[in-house]
Amino acid sequence: MKRNNLSSFYVSLWLLFTATMLQAVESAKGKYAQMLFNELFEDYSNALRPVEDTDKVLNVTLQITLSQIKDMDERNQILTAYLWIRQSWYDAYLKWDKDKYDGLDSIRIPSNLVWRPDIVLYNKADDDFSEPVNTNVVLRYDGKITWDAPAITKSSCVVDVSYFPFDSQQCNLTFGSWTYNGNQVDIINSLDSGDLSDFVEDVEWEIHGMPAVKNVITYGCCSEPYPDVTFTLILKRKSSFYIFNLLLPCILISFLAPLGFYLPADSGEKVSLGVTVLLALTVFQLMVAEIMPPSENVPLIGKYYIATMTMITASTALTIIIMNVHHCGSEAKPVPQWARVVILDYMSKIFFVYDVGENCTSPRREKEQEHRLEGGDMCRGGDGKSHLSSRNDDSDLKENLNGNWNKSFGVHGENVRENVNCCSCYKMLIKNIEYIANCVRDHKANRAKGIEWKKVAKVMDRFFMWIFFIMVFFMSVLIIGKAA
């Protein structure tokens, strides 16, 4: 028991001694750091370029880390990004011998105390010209200064929406010195591309790279070169949102348009369906126009909307024409022979359009009806002949009756005269029946003419329905193929 207490006592003493030594070291470090700071900045000025020889070029190493894409405003063509900007350079006046300061090799001081390169974003699209964030810099014993500063940048980005919503964008971030030329400050990119290791995944865009390229430009105003480093941010749009909210509804609505040809002409809704679909697509077109920049490049989905709206307009116009054909009455001319052969004989069989009571197993029904009608006409012709013969018989009968009337002047002659009057009544009845038969015959002919025109309209409906279905299908495949 005493042995355990003794060991615990020694452990406590060791921990106390270690903590005391660390505190002494820290206080010594702090003492040397304060001494070093006072000696370094006693005669230091951050207004001048920190080189011993003014003809010497000061190299500034630049590294960009992309943390997050905050916004991509396609309409105003502005990219808002959250960056970590690391700059490092050597200050010839901020060096020390670390052995004289108890091995102190680096200190952290506010960045506004040292000279800083005036590197700015050339293609900045922000109205706020605020100064850089005043974060600390790391100052090493050999004079190397490392300055890490966060920045929310708004840069101009030329947006090409030709393949929206399956588009890819390339946005440039160009950094360079605002006042120093290449003979005074040279910019060197530390990596061949921007650092994407800490990138927070965006819900709308995929990052496919951020290559960096150094450019040396000579402007017309000056003969000195001006270097800059351009980081090209390659973005690929995630199109699922736009597919389910803009493209897929448009495709479904487009397939509704050809069904207007399948509606019965007497329903009165054929034109209404086309106009309703056209208005729905107009709403989607306006939604796309609100988010796209007003440029001459029409997006792919916009072209699809325009093509679909043109197709629906054509289908509505054809529907109106076909409805006029459908409602041709007795005043219309008969169906032309070419239309009878092409539309009624061939196309009606291809598109399975038959009369009431007719199906695909009885294609000769019309011919049989024609044969029956011709037979009926022959019978009616026979009736006409019998009527003519009966009329001749009546005249013969009248002559005989007149002869008998002259021969006999008795009661028998009066009976014969009554028979003649009855024959006259029969003749009037026959004339009335013939008139009624002619009216019925004309009515049937006009009705058959209207039925033929209705069948022509129905065949045209089926024909254009399949034509427009094929057009919608190929348009949908075309837009998906272009996206791929």
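Please read every residue number as a count from 1 along the shown chain.
Quick reminder: no glycine exception, Cβ is built from N, Cα and C everywhere.
Looking up Asn172, Asn359 in Swiss-Prot shows the N-linked glycosylation site annotation sitting on Asn172. Of the listed residues Cys157, Cys221, Cys157 is the one Swiss-Prot pairs with Cys171, by disulfide bond.
Disulfide connectivity taken from Swiss-Prot links Cys222 to one of Cys221, Cys250, namely Cys221. Checking the candidates Asn59, Asn406 against Swiss-Prot, the annotation N-linked glycosylation site falls on Asn59.
Cα proximity to Cys157 (disulfide bond) (within 10 Å) is found for the following recorded positions from Asn59, Asn172, Cys222: Asn172. For the disulfide-bonded residues listed here (Cys157, Cys171, Cys221, Cys222), the lowest count of other CB atoms within 10 A around the CB belongs to Cys221. Using a 10 Å radius centred on the Cβ of Asn172 (N-linked glycosylation site) and all shown protein chains, the other Cβ atoms total 16. If you take the Cα of Asn172 (N-linked glycosylation site) and the Cα of Cys221 (disulfide bond), they are about 24 angstrom apart, rounded to a whole number. All chains included, 12 other C-beta atoms sit within 10 angstroms of the C-beta of Asn59 (N-linked glycosylation site). Ranked by CA distance from Asn59 (N-linked glycosylation site), the disulfide-bonded residues Cys171, Cys221, Cys222 have Cys222 at the top as the closest.
Confidence over the topological domain 'Extracellular' (28-240), given as mean pLDDT on the 0 to 100 scale, stands at 90.
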